[in-house]
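Trainee: The structure is given below, and queries will be raised subsequently.
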């Protein structure tokens, strides 16, 4: 049910606001109830029940920080209000303000409370005493650099004192020393929310992300620090470094997107010079250099850089894929297959891996037969002009007219035909694409019709057409 058309605004009586607030609170309409209790407090700043009701709504909304001042005002106005003092003690205990919490619990016990309140106050007082002991032990363990023991003791403290900023920050330091950065981040994020203007928590979060190689998150956290204090020296100095590095990495990625791979390599080399002390950034830069080199058809260089990255991060799927591609460029097909198979173990259903593996397997099979690039002595990324130049040289070298010995002439004729076929395949974009994907356009099994049109089982195949074999040069 909702209460509509309420007529008692700020000019209405405090009693009306109190009554409507109670009804709305009972109906679960917390925001509307809160508005009425605000009005009641504004109408009578000494009405302890108005403060108490508003504190009740704040607690129901999970806003304990706002509830605490209201409960303190209630106790100030009515020191014998046991329920308010007990609730404040519980909030103080959750915040880790143990001495203040114990004071409230002791006063409740001295006020001749009802049985329920007495049991609760006694139980909470006993719990607070135990936590006091744990706090002393945790500080001792931390001072002795026994971070594992300290973290366990702090676990027990935080289980009760869930809003205790000091304990969370100390536990975060323990986690940092133990190398458990994820847990440290979790505690510091909580601390940044629990304590207003907690610039130090944001600074530590930024440095942790930075050392993990996450420049984007590092930049976000250090900006939060500077929002709170633009003149914070540590945060401003760190911000300049992170911003510079972030800009360089973004620029390098843009170059990769533009397929300016050599420029991207240079930019990532600059990244490593900008931050030589954090291994994660060197690893990130080398991983992307590996990618740029592979995409830029620098197979041998890519293999070297990719291998360096994989020594430190052997399960890096992207680098495994890039090295596999580089191995293909370098005609090391078995190595490419191994890399794709390793990558597949860590990334199932990756279409790139499946396609790359199929390609490497086809090329391996093909390499055991004819390789038109090897026949002409050119690289797999050779341009058409280089292919034609190599063809001319090889055709002149193996022209059958150059050989008189019958055996040598027969061998030259076979090689001469291979050279002509290699030239035809590699200068035809469609045929070359097929060959690069593991298909042989001259293979009778897969390209029978084309094969027959080309040389009809070698009978009548005259790639040159002059001399005793009726061959003449065709260098187009």
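Each residue, glycine too, has its Cβ placed from N, Cα and C.
Nobody curates TrEMBL annotations by hand; they come from automatic prediction.
Copied straight from TrEMBL:
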type: REPEAT; residues: 48-81; note: repeat 'TPR'
type: REPEAT; residues: 82-115; note: repeat 'TPR'
type: REPEAT; residues: 199-232; note: repeat 'TPR'
type: REPEAT; residues: 317-350; note: repeat 'TPR'
type: DOMAIN; residues: 371-439; note: domain 'J'
type: REGION; residues: 435-461; note: region 'Disordered'
Trainee: DSSP-wise, what's the residue breakdown of the repeat 'TPR' (48-81) into helix, strand and coil?
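Mentor: Final tally across the stretch: 27 helix, 0 strand, 7 coil.
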Trainee: Looking only at the repeat 'TPR' (317-350), how are its residues distributed among DSSP helix, strand and coil?
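Mentor: Across the repeat 'TPR' (317-350), DSSP assigns the residues as follows: 27 helix, 0 strand, 7 coil.
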Trainee: So what's the mean pLDDT when you look at the repeat 'TPR' (317-350)?
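Mentor: Mean pLDDT, the repeat 'TPR' (317-350): 94.
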Trainee: Run through the repeat 'TPR' (199-232) and tell me, per DSSP, how many residues are helix, strand and coil.
Mentor: 27 helix, 0 strand, 7 coil
Trainee: Using Cβ atoms and a strict cutoff of less than 8 Å, what residues sit near the repeat 'TPR' (317-350) while being 6 or more residues removed from its termini?
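Mentor: Non-local partners: 287, 290-291, 293-294, 297-300, 302-303, 306-307, 309-310, 356-357, 359-361, 363-364, 367, 371, 380-381.
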Trainee: According to DSSP, how is the repeat 'TPR' (82-115) divided among helix, strand and coil residues?
Mentor: 27 helix, 0 strand, 7 coil
Trainee: Take the domain 'J' (371-439) and count its residues per DSSP category (helix H/G/I, strand E/B, coil), listing them in that order.
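Mentor: With helix first, then strand, then coil, the domain 'J' (371-439) has 53 helix, 0 strand, 16 coil.
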